[in-house]
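Student: Structure provided below as structure tokens; questions to follow.
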Amino acid sequence: MSQIVIAKFGGTSVANSDAMNNSANVVLSNPDVRVVVLSASAGVTNLLVDLANGCNPDLRTDKIAQIRAIQYQILDTLPGSDVVREEIDRMLENITTLSEAASLATSEALTDELVSHGELMSTLLFVELLRSRSVNAEWFDVRRVMKTDDRFGKAEPEVEALSSLSEQHLAPRISSGALVITQGFIGSEGKGRTTTLGRGGSDYTAALLGEALNAKRVDIWTDVPGIYTTDPRIVPNAQRIDEIGFEEAAEMATFGAKILHPATLIPAVRRGIPVFVGSSKDVAAGGTLVCDKTTNPPLFRALALRRKQTLLTLHSLNMLHARGFLAKIFSILANHHISVDLITTSEVSIALTLDTAGSSTCGASLLTSALLTELSSLCRVEVEEDLALVALIGNQLAQARGVGKEVFGVLEPFNIRMISYGASSHNLCLLVPGSDAEHVVKTLHRNLFE
Ligand code: ADP
Ligand code: ASP
Ligand code: MG
């Protein structure tokens, strides 16, 4: 394993010049950090997604002005920044042209091209800031190595290509002593068009680069000093977890703990690369280490919450004593690139949940009329929206006694629409009305963790 560390900074860590300076301090405090992956400055991706979904001219002008203000606040603090100013202005011009095109006709390819400007701009500014501090920083366009399929909005990286291209283009730069600054979240497909890995995808980029470059660790710097027993925004009493196993953390990410993009741990697990999560504003506060093995993993580890879930209930008398009905349903879902989270079955019906927007960059609903029409040709379909998935993450949950009583005993006041328990010893999932979600998380946290 090489000695390098990949450091990733999220939107709030590059939101303005103070945040960028803190992040630069973090990078410079560890000489092993040789590759830095950045998100767009906080707020910029959301503004770009709005533009990509089409805006009237006034709104367009207003949103572009907001993006310009965020980037100029940083630019204006950099000495002798004429060259980068020209580049940022050129990017803002591109954004204007592309968002005019998007107001005539939106497309997923156009969305990804437009949205990629957030990461392109934040990395340009960060390189300039580091150079102003006499650091040998080099801007690198990650699209040269992050090859993906052409599923715009949620593209899948090609791991082999990434590995050989990183060896070819990144390794020599690192060996020459440069500090490489590159973009999270974006990639490019076979024809060279820009793709994105889905919202929050910069964590995934960092882990993929860690795998490709055989890093000794991936550091995810964000706005909280580590992974907590639940989102501290929901439960201020949540406690930091100092060390957590890959499997538990992967379950947390999959089931909505926004702190890590759901796919982040896949490359880390493949290579056994530890992932550290900490706050770029408060390095001294420490953080969480996600690694292969932990000592005495507890029965109850954390609670995750994923909002905007849809429940599909599919009824068909043909299911009675039939074979292959589920196969047909799942092949339709697979053709629509939908991954099912929870599933329960009865004699003549099945219920399954899906993530309504599926975290794709454009934010469109996965529940398209084409999908409903196809399913309706096989069975009667009922749709319930605005639900939330609460996942209790732990260890040996399926083997322990009394888990059901401990969990459900305190949830008496709530309607629990669906339960999934037993598929993994690491989780117990509940589907609840969206409006009850935070209350359920608070109640469970109080009883199981405080
Ligand atoms: P970044 O822009 O740095 O990627 P995110 O907003 O994507 O940051 O993720 C950090 C946020 O994740 C935190 O501010 C916190 O509200 C949220 N979060 C959700 N679940 C957890 C958890 N279990 N522990 C810590 N933070 C969590
Ligand atoms: N900028 C992208 C987003 O806001 C990617 C990321 O932050 O990880 O989703
Ligand atoms: Mg994030």
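Even glycines carry a Cβ here, placed using N, Cα and C.
Automatic prediction, not curation, is the source of TrEMBL annotations.
Residues or ranges marked as ATP binding site in TrEMBL: LYS8, PHE9, GLY10, GLY11, THR222, ASP223, TYR228, ARG233. Per TrEMBL, substrate binding site is recorded for THR45, GLU119. The domain 'ACT' annotation in TrEMBL covers 314-395.
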Student: If I take the alpha carbons of THR222 (ATP binding site) and THR45 (substrate binding site), what is the distance between them in whole Å?
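Tutor: Taking the Cα atoms only, THR222 (ATP binding site) lies 16 Å from THR45 (substrate binding site).
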Student: Sort the residues of the domain 'ACT' (314-395) into helix, strand and coil with DSSP and give the three counts.
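Tutor: So the domain 'ACT' (314-395) is made up of 22 helix, 27 strand, 33 coil.
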Student: Fill in the CA-CA distance, PHE9 (ATP binding site) to GLU119 (substrate binding site), as an integer in Å.
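Tutor: Spelling it out, the Cα of PHE9 (ATP binding site) and the Cα of GLU119 (substrate binding site) are 11 Å apart.
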Student: Three-state secondary structure of GLU119 (substrate binding site) from DSSP?
Tutor: helix
Student: List the binding-site residues PHE9, TYR228, ARG233 whose Cβ sits under 6 Å from any atom of ligand 2, in sequence order.
Tutor: none
Student: Quick one: which of the binding-site residues (GLY10, THR45, ASP223) have their CB closer than 6 Å to ligand 3?
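Tutor: By the Cβ criterion, which requires under 6 Å to ligand 3, the hits are GLY10.
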Student: Fewest neighbouring Cβ atoms within 10 Å: which of the binding-site residues PHE9, TYR228?
Tutor: TYR228
Student: From the Cα of THR45 (substrate binding site) across to the Cα of ASP223 (ATP binding site), what is the distance in angstrom?
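Tutor: Spelling it out, the Cα of ASP223 (ATP binding site) and the Cα of THR45 (substrate binding site) are 17 Å apart.
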Student: Running a distance check here. Ligand 1 versus the binding-site residues LYS8, PHE9, GLY10, THR45: which have CB less than 6 Å from one of its atoms?
Tutor: GLY10
Student: Go through the binding-site residues GLY10, GLY11, TYR228 and tell me which ones have a CA within 10 A of the CA of THR45 (substrate binding site).
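Tutor: Taking GLY10, GLY11, TYR228 one by one, the ones whose Cα falls within 10 Å of THR45 (substrate binding site) are GLY11.
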Student: State the Cα to Cα distance, in Å, between TYR228 (ATP binding site) and GLU119 (substrate binding site), rounded to an integer.
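Tutor: Computed Cα spacing between TYR228 (ATP binding site) and GLU119 (substrate binding site) is 27 Å.
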Student: When you measure from the Cβ of GLY11 (ATP binding site), which residues in the chain that are at least 6 apart have a Cβ under 8 Å away?
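Tutor: Those within reach of GLY11 (ATP binding site), by Cβ under 8 Å and sequence separation of 6 or more, are SER39, ALA40, SER41, ALA42, GLY43, VAL44, THR45.
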Student: Counting other CB atoms within 10 A of each CB, which of the binding-site residues GLU119, ASP223 comes out lowest?
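Tutor: Counting other Cβ atoms within 10 Å of each of the binding-site residues GLU119, ASP223 gives the minimum at ASP223.
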Student: Which one of these binding-site residues, LYS8, ARG233, has the sparsest Cβ neighbourhood, judged by other Cβ atoms within 10 angstroms?
Tutor: ARG233
Student: Within 10 angstroms of the C-beta of GLY10 (ATP binding site), what count of other C-beta atoms is obtained when all protein chains are considered?
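Tutor: Taking all protein chains shown, GLY10 (ATP binding site) has 24 Cβ neighbours within 10 Å.
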Student: Using DSSP reduced to three states, classify THR45 (substrate binding site) as helix, strand or coil.
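Tutor: Assignment for THR45 (substrate binding site) reads helix.
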